[in-house]
Amino acid sequence: MSMSDSVYVYLIPVFIILWITVIAVNKLIKLELTPVKYPEIDGLRGYLAFFVFLHHSYIWYQYLQTKTWSDPNSNLFTHFGQTSVVLFFIITAFLFITKLLESKTDFDWNHYLKSRFFRLFPMYFFIVIVILIMVGYYTYWQQHDSFLNLLKSISSWLFFTVAGASDVNGFKDTFLMNSGVSWTLPYEWMFYFLLPVLALLFRKKVPRKIILLFTFTFLLILYINQGSARHFMPFIGGIAAAVLLYKFDLKPITEKVVFSFIAIALLAFSVVFFESGRKPVPLISASLFFIIIASGNSLFGLLTNTLSRKLGQITYSLYLVHGTLLFILFFGIIGIEKAAKLNQYEYWGIIALTVIPLLFISQLTFKYIELPMMHFIKKQKP
């Protein structure tokens, strides 16, 4: 039985441990559920981050055998990563365009930019520090590159890898230390800086200096990052969803049970018939799926139950932490050579158990890094 043939067997214990751990984590590290406008989206986000973890777990299995970092040779695990990121981008566009459309007064661009920085940077900075410490450890705390190159590479990581996830101090493929997850963050930032231009399209008043400053920054990031146009497509889906749901209340229609089946069928269609989640048809399927969820469908109550909401709260930590934890597991704890000899049952058993520290660490970083910054942002609001 090949890896792709037997994936469903491995997912059963992984998800059982996931739900048990969510319960245990929230008993040991208590957190109140923060009130949100869209609980269905909040519940969805947690699963998306967890799917990205499964996506990278599969890639790590391949990497240990071939020493090549490549997309999974399984449609399901490819979509766990690609379609999840597509939905993350859709969610970003939906939330901020909705906020624009619903704003009755002038949009506070100063607070908006501050809130984005303090929401994303502190947790990201923590992970970068962990990565730099690991680089130091694996390069024996000796300088293996010129001071200028060292400064450039560290800066590239501190600035959300806008210029790429550079190798630091000669450590080959430094991106392995977080499974390369930070590639999505420059696109998030580009969307944030593009928002004033989008506001104009919706006939919102925007100060000229804000338009010039934000647009210049967007173009600068785009130029440095050499971003791909295909990664901007999901944002269009999110914008369309925001406009549609601002104009029409679809909840009386989409909250019906039949739409839960339709939502699942849309994603299943992409997984079965498309090897990539980035092609036009899967993008449209993901956008339609999201519209159903954002308009109030909870997939039979799954997305709005307490466990899903608790998982959803720690999405950003889960997204940033999992790649670093996988690196520590295979490089530091097991060792690359021993890990390469694991059979698939041993490997996925280890991945299932890794869910436990992953959720504990993510809960801690959310509570002590993300949450204080979220409270700080709220206090800064005029």
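Backbone N, Cα and C atoms are what each Cβ position is placed from, and that goes for glycine too.
Those TrEMBL annotations? Automatic predictions, nothing curated.
Annotated features, as they stand in TrEMBL:
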type     : residues : note
DOMAIN   : 39-362   : domain 'Acyltransferase 3'
TRANSMEM : 7-26     : transmembrane segment
TRANSMEM : 46-64    : transmembrane segment
TRANSMEM : 76-97    : transmembrane segment
TRANSMEM : 117-140  : transmembrane segment
TRANSMEM : 147-166  : transmembrane segment
TRANSMEM : 186-203  : transmembrane segment
TRANSMEM : 210-226  : transmembrane segment
TRANSMEM : 232-250  : transmembrane segment
TRANSMEM : 257-274  : transmembrane segment
TRANSMEM : 280-304  : transmembrane segment
TRANSMEM : 316-336  : transmembrane segment
TRANSMEM : 348-369  : transmembrane segment
- Return the stretch with the most CB pairs under 8 A relative to the transmembrane segment (280-304), choosing among 7-26, 76-97, 147-166, 210-226, 232-250. 232-250
- If you count Cβ pairs under 8 Å, which stretch among 7-26, 117-140, 186-203, 232-250 touches the transmembrane segment (348-369) the most? 7-26
- Query: To the transmembrane segment (117-140), which of 46-64, 76-97, 257-274, 316-336 is linked by the most Cβ pairs under 8 Å?
  - Reply: 316-336
- the domain 'Acyltransferase 3' (39-362): mean pLDDT? 97
- Query: Can you say which of 7-26, 76-97, 147-166, 210-226, 316-336 has the most Cβ pairs under 8 Å with the transmembrane segment (257-274)?
  - Reply: 76-97
- Counting only residues at least 6 beyond its ends, the same-chain positions whose CB falls under 8 A of a CB in the transmembrane segment (147-166) are 120, 124-125, 128, 131-132, 174-175, 178, 180, 182-183, 185-186, 189, 221, 224-225
